[in-house]
Every structure is written in structure tokens, then in C-alpha cells.
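Feature annotations, courtesy of TrEMBL:
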type: TRANSMEM; residues: 35-53; note: transmembrane segment
type: TRANSMEM; residues: 65-87; note: transmembrane segment
type: TRANSMEM; residues: 108-135; note: transmembrane segment
type: TRANSMEM; residues: 162-180; note: transmembrane segment
type: TRANSMEM; residues: 242-264; note: transmembrane segment
type: TRANSMEM; residues: 285-309; note: transmembrane segment
type: TRANSMEM; residues: 329-351; note: transmembrane segment
type: TRANSMEM; residues: 406-425; note: transmembrane segment
type: REGION; residues: 434-456; note: region 'Disordered'
type: TRANSMEM; residues: 504-524; note: transmembrane segment
type: TRANSMEM; residues: 530-547; note: transmembrane segment
type: DOMAIN; residues: 555-605; note: domain 'Cationic amino acid transporter C-terminal'
type: TRANSMEM; residues: 559-577; note: transmembrane segment
type: TRANSMEM; residues: 583-602; note: transmembrane segment
Amino acid sequence: MLRQALHRFGQKLVRRRKLEQPVAETASASKLSTLDLVALGVDYTLGAGVYFLAGEVASNQAGPAIVICFLVASLSCVLAGLCYAEFSARVPYSGSAYLYTYVTMGELWAFITGWNFIISYVAGTASVALAWTLAFDYLIGNQLFQARGSVLLHVPQILLEYTDFFAMGLVLLLTGILALRDWQSILVTKLVTLVSFLVLSFFIISGFIKGDLHNWKLTEEDYVKAGLNGTSSLGPLGYGGFVPFGFPGILRGAATCFYAFIGFNNIVTRVEEAQNPERSIPMGIVISVFICSLIYFGVSAALTLMVPYYQIHRGIPLPEAFLHIDWKLASYVVVTGGLFTVFTTILNDIFSTHQMISVMAKDGLLFHVLARTHTSKDIPVMAIVVSGIMAAIMILLFELIDLVDFMLVGILLTHSLVATCVLILRYQPERKNGGNEAQVQEENGGNEAQVREENGGNEAQVWEENGGNEAQVQEENGPEAEKLTLQALFFPGSPTPTPLSGRVVYVCSSLLALLLTLLCLVLAHWPVVVLLLVLITGLTGVIWRQPQNSTRLPFKVPALPLLPLLSIFVNVCLMMQLATGTWLRFGVCILSGFALYFGYGIQHKMTKMSALDLQPHRLANPISLN
């Protein structure tokens, strides 16, 4: 009895979403083209990362080598973007990595992914609000800081250091606006993107004109002449040259710079509004990442050429760089451009957060009340209010750099899960159930109950009894199960994926993710590194020898299984650079999510495995891994 209960409980954790739903064309007042999606990605990406974090990374993490940090971060983003692009070509539904993980790895991992998304974007909302406050305060002559100091004169020092009531009020105000009306204006997004592009281009050109290449070759003598250090030890200033903080500084800076490259997630959440999601989503992701990589490289190079890295302002570096070269008017132009750009980023963050909360609530993994709409425009008011309150609380508790690191953990972990999903899904067999479910439904007059009855009874009951594991059903009802042998690992007998080869890839991918994590932890111990590399190479060879799914897609990740594994490795390396305190805070949030899932979500999960409330568009290549 206990064994059966544990078995049913385990099956609930790994039940997967079924995506072979009837596909209906839905009329939409506005369809997003590829250009619109690129504008959305660029607008979101060119936000607080380029206007504010560049100073933090250059001044005390990487120095002039910040240009390398942005290149490493862009590499990680490109690899993750390719994985997202393949999934968006396969599954043109909203839901982002949450839905992708649900399809491939099961309900528990889907909840973890969705919960990571929520807490990461809540932290993103809080961090961007704080960054906007810094820019606004600079524009009005630091009046907010002075006023806050007088108001909080008798408040404990910890509140004085970590509280920004203005940023909290801004978030709550925008939350109220979004709760009253849906903020959706692609025209405004395009205009803001154009303004930001022009402002940053002006900064790049100015930096290359007024910059001094000697700032990339600073020595100890330069510090002494500047009166910053009169001893042989440079301490927090680094050790001069192009890489003053060494290779560890580059890795730490790259982890922070990755915050600047998360805009393509905003593209994936707009799948349902795209004109041709199978093609425009992958193109929008790749193009926006490429454009932003060029801009970030140019801005960071211009900044470190204009100002010695140890003199770069850590809060608002771009306007202060113009003050350094006595271009005061230009500094106001840059800070004004940053205000408009970051303002739209806050709105996009709140939009993405409440959309994820609403989707998970409709699935039953979060409280159903969060999915309710209370206006004629179907705005999920409760989801918006909850996301805004969570962001306001984070503003009260954390500083800007802490929020950035907090967001990075969740995003990098999510990207690693998506790369693992792509690796697994490519090697899974196609479902053999007599054709497309949509076609079956059409032939039977659209009567879903009749379809379920003809296919052997209640689909929800079959799902619950078998835990959503179609491979198990096929194994029990199909031909004799395949046998796993050492030869079959490297020389599978079938040219097409089978349930056995799919399970082999699933297990090997999970082991590879674990081994890559261990590799990042022990890179300094060469004997262990060699052993791990041998194991990683062997498992990669096993996956490479398995047959791939031959389904035709508009876009596929090239060089499988190497690129997804490289994406996981880079993401884990960047995560390892974050502080212990960040991991502790993140762990607390994950534990609270587990309490919510096991206390509510696992019991209230909807048993009807359809893409209900996701409003699917054209699904040219339906997939199912139930």
C-alpha cells in the first residue's frame, strides 16, 4: 500500500504537459512582426544593465576587461537564445521556459522553472526601479537622497542603508496603472528603443573620440600620481593593465554582465501575438542578442577609454563619464535617455511576472484566484497586484547589486534547464497514436468526449493513473520492451528514436548536468578535472550516437549535443561566481516555493492536460511527451 502511494506520488512529480491540442486560429487586433519582436528584445535588454551596471563591473570587478565580460555574457546568452529559439519553433505557446520544461522534464521541474522566473523578474523589477531612482535623483541634483536622509534621521541605520521608498512608491504606482489598464503599445516600445539606440550610439562615438588608449594600460605609477596609492600594494584597485583584477575578476564581471542580456525572454512570452511564431521568434531572439552584444561592447569600451576604471562612478557611470571630459550637457542627454528606457523596462518586468503567475495559476500550480480577471479587457488584477507587492518588499530588503545577483541565479538556472530540455527532446521518439489529435477531433465532429471515449476512456483518468507517463503506457501495451546493452549505447539498432534511446538520453543528460556542475566546483584540482572530463566525454559520446528526431522545424540548435552542453557549462560557471549570501537568499525562496507546491499545487493541479488558457496559434509540428 505504501509502495503504491509512493509510486503515485512520484508519478505526479514527473507528469508532463500534453501539447497535441486542437489548433485554432485566433483573431488578434495586433500581430507582432519580426521587427516588432526585435524592438521588444532590444528595448528590454538595453536597460539598467548598460546604463548602471557597467560602472559596478568596471570599477571593482574587471576594469577595462569589462569588454571581455560582456563578450562572455553574450556567449552564454546566444547559446541560451538558440535553445529558446528551437523550443519556440516547436511550441508556439506562451509560457516561456516554464512550458518548455513542463513538456520535457515534468511537473516538478516546471514548477521550479516557473517559480524561478517569478522571483527573478520580481527582483528585476525591484533592481530596475532602484536604478531609475538613481538616474532621476541625478537629474534633479541629488535632492531625493538629501530628503530621504532628513526624513529617516531617527530611523535605524539599517533602514537608512537599504530602503528606497521612492523606488517602492514607483513600483506600486505602476502596478496600480497596469491593474487598471493593460499597457501594450508596440509603437511606444519602438520609439523608446530608437531613443536608447541613438543615445548609446552617441556615447560610443564620443568615447572613441575623447578616449585615451592609455587608460587600458594603467600601471602602479598612474595610481601613485593620482594620489590614490602610495604603497607597492594596490589593494582594491587591482594590479593595473587591461586586466587589473585577473581572470577571477573577468568571471565575476561576466556573471554580473549577464544581467544585461535577459531581454530575449520578453520575446518568448509574446509567442501568441507573433504573426509567424515558428520563424519570427527564433529570428527575433538571435537578431536582438546580436545587436545588444555590439552595443554593450561599444559602450563598455568607450567608458573605459574615457575614464580610468578606478575613477568610474559605480552608480551612474555614463553621465559621469561626460562630466569627466567636461561635456555637462551631454551628461543630461544620456541620463534622460536612460530614464525613458528603464521606465519601459519596469513595465515589461511587471508584465512578464504577472503573465507567468497567471499561467501557473490557470494550471493549478498557484492559487486559482491569481488567474481571475476583473475587467472587460481580461486583465489579471490579482496577479499584477501580487507581483508589484513582492517587488516593493524586495526593494525594502536588498540593495541594487544584491537584487542583480539574486536575479542572475534564477535566470542562469532556468537557461540551463532549457538547454537540458532541448538536449532531451531532440532524441525522443515521435508519438505513435494514429495521427494528429486535432485531425482525429475534426473527423469525429469536434466532440472531445467522443474522442476520449473511442480512445479508451477518460483521458484525465488515464493521465492520473499512469502519472502522465506515456512511455510507460506504450511499454506496457506495445511490443516487447527493448533491452539495454553496452553495444546499444554506442550502436543503437534503430535509425529513429525509440523509447529506450529516449530514456538513455534522459539519464545521460541528467548525469552530464551533474558532472558539469562538479567540474565547475573543482576546476583547480586537475586529477579530479581529468576524471570528470573522461566521464563527460563518454556520456556525450553515448548521446551523440543515439538517433535524433527527424521532425522538420524552421529552426534547430546546431551541433547537438555540444552546444546545449556548452550552454549548461557556461551558465554553471557564471553561477559559481555569485556570493554565498545570494545562494542563501535564493535557497530560502526555493524552499518557500516547495512549500507552496507540495502544500497546494500538487493537490490542485488540473488533471485535464490541455493547453487550456494558453490560446495556441498555429502548431505546425505538435509534440507530446506525456
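Glycine too: its Cβ is placed from the backbone N, Cα and C atoms.
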The domain 'Cationic amino acid transporter C-terminal' (555-605) [mean pLDDT, rounded to integer]: 87
For the domain 'Cationic amino acid transporter C-terminal' (555-605), residues assigned helix / strand / coil by DSSP: 39 helix, 0 strand, 12 coil
Contact yes or no, the transmembrane segment (285-309) and the transmembrane segment (65-87), 3+ Cβ pairs under 8 Å, gap 6+: yes
Proximity verdict for the transmembrane segment (108-135) and the transmembrane segment (65-87), three or more C-beta pairs under 8 Å: no
Any contact, the transmembrane segment (242-264) to the transmembrane segment (530-547), with at least 3 Cβ pairs under 8 A: no
Cβ contacts the transmembrane segment (65-87)/the transmembrane segment (406-425), at least three under 8 Å, sequence gap 6 or more: yes
Highest-contact recorded stretch vs the transmembrane segment (329-351), from 162-180, 406-425, 504-524, 530-547, CB pairs under 8 Å: 162-180
Beyond the flanks of the transmembrane segment (162-180) by at least 6 residues, Cβ under 8 Å: 125-126, 129-130, 132-133, 136, 144, 148, 152, 346-347, 350-351, 354, 375, 379, 381, 384-385, 387-389, 391-392, 395-399
